[in-house]
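Engineer: Following this message is one structure expressed as C-alpha cells.
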Amino acid sequence: MLPAAPGKGLGSPDPAPCGPAPPGNTKDIIMIYEEDAEEWALYLTEVFLHVVKREAILLYRLENFSFRHLELLNLTSYKCKLLILSNSLLRDLTPKKCQFLEKILHSPKSVVTLLCGVKSSDQLYELLNISQSRWEISTEQEPEDYISVIQSIIFKDSEDYFEVNIPTDLRAKHSGEISERKEIEELSEASRNTIPLAVVLPTEIPCENPGEIFIILRDEVIGDTVEVEFTSSNKRIRTRPALWNKKVWCMKALEFPAGSVHVNVYCDGIVKATTKIKYYPTAKAKECLFRMADSGESLCQNSIEELDGVLTSIFKHEIPYYEFQSLQTEICSQNKYTHFKELPTLLHCAAKFGLKNLAIHLLQCSGATWASKMKNMEGSDPAHIAERHGHKELKKIFEDFSIQEIDINNEQENDYEEDIASFSTYIPSTQNPAFHHESRKTYGQSADGAEANEMEGEGKQNGSGMETKHSPLEVGSESSEDQYDDLYVFIPGADPENNSQEPLMSSRPPLPPPRPVANAFQLERPHFTLPGTMVEGQMERSQNWGHPGVRQETGDEPKGEKEKKEEEKEQEEEEDPYTFAEIDDSEYDMILANLSIKKKTGSRSFIINRPPAPTPRPTSIPPKEETTPYIAQVFQQKTARRQSDDDKFCGLPKKQDRARIESPAFSTLRGCLTDGQEELILLQEKVKNGKMSMDEALEKFKHWQMGKSGLEMIQQEKLRQLRDCIIGKRPEEENVYNKLTIVHHPGGKETAHNENKFYNVHFSNKLPARPQVEKEFGFCCKKDH
C-alpha cells in the first residue's frame, strides 16, 4: 500500500461534495470516489500535480451525485476519468448510480480504475452496460506508474490508441487473463527477491594464473567508492575493482590457496553484498580440461549457448533500443584498463566468445556500422576476432553485414549522382558560366553609363576567370562538390565580382538573403547630396541619355537591343521599391547621399542598414513641360499687379484672386523653399542617425515654420505702420497710397505673399482702420480714373 498523503488524516474536515469546476478548457482529470476512498483521492491529487495543474483536477464524491451535474459541470468532457473502486462504492450502488456512471464512463480508453481494497473490477462492470475500462491500477503500485498512465491518456494525441470493446461472454476470460498477468508479476517480483545481491564470475578460480573476475551487482551502486574484500581462513585482502558499467565491476583475481573465499562488496564503507567463490589446485584444472575434451566440449558449448540466449533475451526485452556509444572511455581511462582496448564494444565481446544470437541482435542496433569496423589495440575488427577464436559462422555473419552496408552505400551514391544530373538539367547555370555573364549584363543595364561600362569591363575579366576556374564542369566532370560550389557562387543576389575574386572561406558568416544585382547596384549609388553641392550622379545622368539601356525609354534604341528590352520589361513587372531610388529627385534619398557616395559597389552594409523603402514610385518620369523663364514671370506679374491696384480699396479681394494667389505656380515661388528644404534635410539626417526621434523632428519643424511666419507678420505690421504714418502726415496727396503700393511691391512673388498676409492680419485698436482714414482725408481710388 502506498502511504497516505501527509496531513490528510481522518481528522481533516469534510470536503465539499465536489470541488470547483476547472475553468475554460483545463479539464484533464476527474476523480470519482466514495467517502471511504477520500484519502486516496487527496493523495492522488498531490501526485498528479507533477503532470497537470490543480485547477485541471476535479474531485467528485459519488454519494452526492446528481444528473444536473453532467451538464452544469460538464463531467463527460474530462480527458481522464479516474474511478476509485472501493467496497463502499460497490455496496451502495443503485440503479440511478449505475446509470450516472454509465454516462460518465462511456469511453473505455479514457477510464482508469483504481482497485482500492477490492481484488477485481468484474463485479462493477457486470452491473454496468458499458465496456470494461482499458486501464486498471492498484494501490500497491508506485506513484510513477500512476503518472505514466495519466500521461498516456491526457497526451494521447502523440500516440495511436484504439478502443477495445469486450463482449459480455468474454469478460470472464478477460478477467482470468488479468489474474494470470498479476500472478506472473508476483512471480517475477518473488524471483527478483531470490536473486543474490552480488555474483562473482567465474565461481571457481585456479590457484595459479587466476586471470580476471567479474563482480555483477543486482542493483546499481550510488556511492563514490566501491571496495571488494576477499577473506579466507588465514588471509584477508581489500582492493578496489575497475568499473565495467553501472552494475558490473572487473578486477584481476587475487592468489589464494585452494578452498572457499568469502567476498564482501563495500560501498562507501558499508557492506552492500556478500557472496562466495572457490579456488581449486592446478591438477584439478587439468582434469577438468581433459574431461571437457573427452566429452566433446559439450559442457562449455552448452554454457556458451545458454549465455548467448540469456544475453539476447535481456537485450531484446530490457534494452530494445541499444545504441553503440563509447561510454567506457568517458568513465575510465583506456591506458589503465586494458580490457577496453581488447574489447572496445559488445560486438567485439560477442565475436570473441562466439555469441551468435547476441551479435545478430547487436548488428540491428544504432551505430552497428561503425562498431563492426572499429579495431581494437591489436588492429582486429569483430570479423577478425571471430576468425581468430574459431567462430567461422559468426565471421561469415560479419562479412555479409559489411557487404550489405557497402551495397547500400553504393546505391545511395548512385541515387545521389542521378539527382545531381537531373538537377543540373533544370538549372543550366551549374554548367555554363557564360550564361550568368549574359544575365549579369542584363541586370546591369539599368545602371548609369560610366559605372556600367566599368562593371562590364570587370565582368568580362572576371567572367573569363570563372570559365577557367569551372572548366572541369564544361569538360563533363560529375563532381557533386564542384557543382554545389558553382550553384553557391551564382546565387542571383550575391555579387558575382566578389565571388569570382575572393574564394569562399568557411570562416565567413552566412550570406544575406539573395537580391537582384541591378537593385543592389542602384541602391548603393544614390545620386543626391545636400543642396549647393555638385553631385556626380547628376552629371552621369545627363550623360546617360547616350547609353543604350537608357535610350530605350525614349524609343531611340538600336535594333540589337530589342531582345534585351523585352527581357527588361518582363523583369520590371515585379520591380523592387528600391529600384527607382536613382532616378527620382526625392528628399528621402538626399539624406543618405554623403554616406552612400563613399561606399563601394561591392559593399553590402548600405543595403542592409537602409531603412524601409518608401511608397513605390512610377517606372518612368514624364517629361517636364516647357515653362516661362522666371524673369518673364516676374514682369508679367508686375504688369498684372499694376492693373489690379486700382481696385484695391473698392472691396475685399474676390475668391478667384485668392485662388490665383494660392495656385501651385505661386506656391513654388513662395519664399524660403530652399531654407525649408535644408532644414527638413538636416532634421531627417538626425532622425536617420538616431540623434532625434521622428516626433521630435516634426515638432521642431513646426516651430521653425511658426518662427518663419512670425517674422513675416512682424515685417508686414511694420510696413503697415509706415504706410499709415506717411498717409497721416501728408493728407493732401490723395494718390500717395497707390504710389507706396507700387514702390513696396517690386516683384510678383513678394506681392502675392505680402498681400496674402496683409488681408489676413487683424488690426489693433491703436491704429485707425482703413475706412476711417478714407473718410477722414476724403480721397477715393476712383477719383484718378
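Quick reminder: no glycine exception, Cβ is built from N, Cα and C everywhere.
According to Swiss-Prot, the feature region 'Interaction with ITPR2' maps to 1-154. Marked as domain 'TIR' by Swiss-Prot: 25-153. The feature domain 'DBB' is assigned by Swiss-Prot to 200-327. Under the heading repeat 'ANK 1', Swiss-Prot lists 342-371. Taken from Swiss-Prot, the feature repeat 'ANK 2' applies to 378-408. Sequence annotations record features per position, and here Swiss-Prot assigns region 'Disordered' to 433-480, 493-514, 538-578, 606-625. Feature annotation from Swiss-Prot assigns compositional bias 'Basic and acidic residues' to 553-568. Here Swiss-Prot flags 569-578 as compositional bias 'Acidic residues'. According to Swiss-Prot, the feature compositional bias 'Pro residues' maps to 611-621.
Explain the structural surroundings of these features, please.
Structural biologist: Looking only at the domain 'TIR' (25-153), the predicted model's pLDDT averages out at 88.
Under 8 Å from some Cβ of the repeat 'ANK 1' (342-371) lie the Cβ atoms of residues 304, 307-309, 311-312, 315-316, 321-326, 328, 377-378, 381-383, 385-386, 389-391, 393-394, 397-398, 401, 405, all in the same chain and six or more residues away from its ends.
Taking DSSP states H, G and I as helix and E and B as strand, the repeat 'ANK 2' (378-408) has 24 helix, 0 strand, 7 coil.
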Engineer: For a three-state summary based on DSSP, what are the helix, strand and coil counts in the repeat 'ANK 1' (342-371)?
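Structural biologist: Reading the DSSP string over the repeat 'ANK 1' (342-371) gives 20 helix, 1 strand, 9 coil.
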Engineer: According to DSSP, how is the domain 'DBB' (200-327) divided among helix, strand and coil residues?
Structural biologist: 34 helix, 49 strand, 45 coil
